[in-house]
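Asker: Found this in TrEMBL, in case it helps:
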COMPBIAS  72-87  compositional bias 'Acidic residues'
COMPBIAS  88-118  compositional bias 'Basic and acidic residues'
COMPBIAS  162-171  compositional bias 'Polar residues'
COMPBIAS  181-190  compositional bias 'Basic and acidic residues'
DOMAIN    195-272  domain 'DM2'
REGION    65-192  region 'Disordered'
REPEAT    444-481  repeat 'HEAT'
REPEAT    522-560  repeat 'HEAT'
REPEAT    561-597  repeat 'HEAT'
REPEAT    604-642  repeat 'HEAT'
REPEAT    643-681  repeat 'HEAT'
REPEAT    682-720  repeat 'HEAT'
REPEAT    760-798  repeat 'HEAT'
REPEAT    799-837  repeat 'HEAT'
REPEAT    838-866  repeat 'HEAT'
Amino acid sequence: MAAEGPIASFPMDREAAEEEIALLVRKPGFDDLTPSDILRHMNNRFNINFDSYKAQLKTMVIEEIRKRNEENDSSDSSDSGTDDDEDDKKKKPSEEKKSKAKEKKADVPEVKKEVKEESDSDSDTGVEDATPKKSSKRAKKTSDFDMISNVKSSRRAAASNAMKQIRNTSDGGRFKSTKKKEKDPNEDNSGRFGRMTKLCYISPELQQVTNDQFMKRCDVVKTLWDYIKEKNLKDPKAGQFILCDDVLESIFKKKRLKGFGMTKYLTRHIIGQSDMTPELREESEREMEKRTAEWLLFGEHQKHLILIINCVSQKLNKFIAGTLNAKGQSDCRQLSDAVETKRDVFVAQLVNEHSDRVGGPDHVHCLLLPLENLATVEETVVRDKAVESLRKIADKHSSASLEEHFVPMLRRLSTGDWFTSRTSACGLFAVVYPRVSPAIKNELKSMFRTLCRDDTPMVRRAAASKLGEFAKVFEKTSVIEGLHSSLTDLHVDEQDSVRLLTVESAIAFGTLLDKANKKKLVEPILFELFDDKSWRVRYMVAEKLIEIQNVLGEDMDPNHLVALYTNLLKDPEAEVRCAATQRLQEFANNLPEDKRQGIICNQLLSVAKELVTDGNQLVKSELAGVIMGLAPLIGKEQTVSELLPIYMQLLNDQTPEVRLNIISSLDKVNEVIGAAQLSTSLLPAIVGLAEDGKWRVRLAIVQFMPLLASQLGQEFFDEKLLPLCLNWLTDHVFSIREASTLIMKELTQKFGGQWANTNIVPKMQKLQKDTNYLQRMTCLFCLNTLSEAMTQEQILKEIMPIVKDLVEDDVPNVRFNAAKSLKRIGKNLSASVLTSDVKPLLEKLGKDSDFDVRYFAEEAKNALGL
């Protein structure tokens, strides 16, 4: 037998399975079995789960059926050749019944007669003797009945053909065919009210289940069954019975009743239109008009939902195409997961974008359900986008709609079984709280406090991240009573990922409370977080240090806060030391002015000296970037005695990043003591960086050259640093060459055009004749920048001769760059000079054999108006 897939993939011996299927196929009643019955039989027979092997089982079953049919065909042909075959005498009654059943399925009367004659011939061979006479009579009656049925069928067929001929005429008369519109089982008819589907009045007892005063009779029964399933009220011993709870017992007046017999007990609880009082009838008619209007409006909303779906489809198509183009043959499962996530993100975003098309504040709540579903999924990016959309949609709700629709949704999310819904709920309290009634405000407070004590760390983390935001929308008088207990619980949480988020929350509380409550309630929490056992919490404190200082600095002893800060500077974790060092200058600047110099010199600089020799180069790099920012705060004398040794030590550090950062703060040193006395010490460090093997380090020092030139003066620069700048013009890295051409403009603006003629133009003349075409192109780039800082006379005298020579260059790349240079230089020349000097060069390039040269020449002529 041909098997589907590799043999090794089947969970048992295939021959044994084929034998079992062969027996099953040949058993009576096999034709009544469904594929599920066959699968269940195989599972029970071999105690193996075949759910993953349905296709292979299907192939086996089809093959055995084919074999069985071939065997039956061969046996039938042998029976027709010999009337006295002994096998015919052994034919079983069940097989005779099967043959009769097949006879009943024939459609044409003539065929039926032939089958009947075969049946009679079979009875002559002894089959009739093997069965009771009663069954023979029954068979005869069945045959008569079949003949009558076939006659009726033939008459109906003839009448049907006649009707078709009549309908096919020009008009068809009263027999004209009218196709009924097929009903969609999923069609929403909630806004249609017919003769049998008008609203009925629901008794107060039944309203406990329906939660509605008026409902259709069919909807009442459906709602009742939903209630029974939700409460699991079916009798486990007898499924057709219902065990009534207190609500159902008040309706049915019974503790146990049959499910399909309960409708008769509802008659006294469902009052139709004819039995209502006039007042109730008017109210029900108004309700029907209202629901019909809402239903029609919803039909308009569906058009916008279709628009959203189309937008999602278009974006998904672009995303899939981009993914496949980027990765080629992408993994199907990964692509499917990515597409599903992107789809949800697009839906969450587009639902918010189209929120203004649903009929205003009274109908915007119809968008809550899809966003609520998206807010419970596992993908964080989808949940965040859904919460973001819900926050924006909340502002578009009226206060009444917010309490009627948004708050119940928030309640469902807050009490969801899966942590994802509770996590999403934490981000929605702040947008709802200010606009609801006091009673609901108290409920929201209680729900948020419950989330802060949730068993799942992810929920507590989400609550901690939104605690400060929620506190800001509270009335200042109720912040302490409403949320301080939650802050106290979260800042001692066992999870450091929760505690680190309370840093921002504590800062938010500090901004809302008065001095007394701040010192009593917020300071202790922040001080404990400074010394937290987790480095991640201490890192967050270091990140938020300036905000903490602004909240507490005015109301607490600065020496206490400085002591806490120096502990962070000495922290065993390098990440914490880095974050604390970054804020050294700003922290010192925020200290009280009368105590600032003493605190810096006596406490902060002593720790800074230890950081100079720190084992982590990132810490030293951060220190080098901020240490000289203390110079203006402590004055010249303290800078020379305290800061200068630190500066020189960092300047000679082995790490290039440290040397770069310390050189970048040269302007701060110059403000206090002047940079002239540092020039001798700076030169070795600058030369070392200029010749560093890492091109990014060289690039950084190139960009610092204008600063060094302004701080150290023209004389020192020309003697010591200018050769470095000219050497960078021939660096093997293009980014270095490009950066060096750009600084030439700044240097020329600083020192003047004559300085450029004396020091830079000679270098350009050498590059103009260099054998490497890349150096000749660098020459053109440098001339472009110099022309913007020189006068017209200097350009005509020094720059244009070099450009004219490069127009004749053998390399097309140099020639079309010469065309670009003429376009840029020409902007600094007068019209007469353009006509006399520039235009002839561009016309010559316009006749060049190379297409690119001609193109850029034409572009330059158009740009200059030539």
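Backbone N, Cα and C define each Cβ position, glycine as well.
No curator has checked TrEMBL annotations; they are predicted automatically.
Not measured: the values here are computed from a predicted model.
If you look at the structure here, what lies around each of the features I listed?
Answerer: With DSSP classes pooled into helix, strand and coil, the tally for the domain 'DM2' (195-272) is 37 helix, 16 strand, 25 coil.
With a threshold of 8 Å between CB atoms, the same-chain residues lying at least 6 positions outside the repeat 'HEAT' (444-481) that come near it are 407, 410-411, 414, 419, 422-427, 429-430, 432-434, 436, 487, 489-490, 493, 495, 497-499, 501-502, 504-505, 507-509, 512-513, 517, 521.
Outside the repeat 'HEAT' (522-560), and at least 6 residues removed from its termini, the chain residues within Cβ reach (under 8 Å) are 487-488, 491-492, 496-497, 499-504, 506-507, 509-511, 513, 515, 567-568, 571-573, 575-576, 579-580, 583, 586-587, 590-592, 595, 599.
Across the repeat 'HEAT' (561-597), the DSSP tally of helix, strand and coil residues reads 29 helix, 0 strand, 8 coil.
Non-local neighbours of the repeat 'HEAT' (604-642) in the same chain are 562, 566, 569-570, 574, 577-578, 581-582, 584-585, 588-589, 596-597, 649-650, 653, 655, 657-659, 661-662, 664-666, 668-669, 671-673; each lies 6+ residues outside the stretch with a CB under 8 Å from one of its CB atoms.
Nonlocal intrachain contacts for the repeat 'HEAT' (682-720), taken as residues 6+ away from its ends with a CB within less than 8 angstroms of a stretch CB, comprise 651-652, 656-657, 659-660, 662-664, 666-667, 670, 675-676, 727-728, 731, 733, 735-736, 739-740, 743, 746-747, 750-751, 755, 759.
Among residues of the same chain six or more beyond the repeat 'HEAT' (760-798), those with a C-beta under 8 A of the stretch's C-beta atoms are 726, 729-730, 737-738, 740-742, 744-745, 748-749, 753, 805-806, 809, 811, 813-814, 817-818, 820-821, 824-825, 828-830, 833, 837.
Per-residue pLDDT, averaged across the repeat 'HEAT' (799-837), gives 87.
The DSSP breakdown of the repeat 'HEAT' (838-866), given as helix, strand and coil counts, is 23 helix, 0 strand, 6 coil.
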Asker: Within the same chain, where does the repeat 'HEAT' (799-837) have neighbours whose Cβ lies under 8 angstroms from its own Cβ atoms, ignoring anything closer than 6 residues to its ends? I mean 6 or more beyond.
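Answerer: Residues 761, 764-765, 768, 773, 776-777, 779-781, 783-784, 786-788, 790, 792, 844-845, 848, 850, 852-853, 855-857, 859-860, 863-864, 866 contact the repeat 'HEAT' (799-837) from elsewhere in the chain.
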Asker: With helix taken as DSSP H, G or I, strand as E or B and everything else coil, how many residues of the repeat 'HEAT' (522-560) land in each class?
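Answerer: Computed counts for the repeat 'HEAT' (522-560) are 32 helix, 0 strand, 7 coil.
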Asker: How does the repeat 'HEAT' (444-481) divide up by DSSP, counting helix, then strand, then coil residues?
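Answerer: Counting residues per DSSP class in the repeat 'HEAT' (444-481), I get 31 helix, 0 strand, 7 coil.
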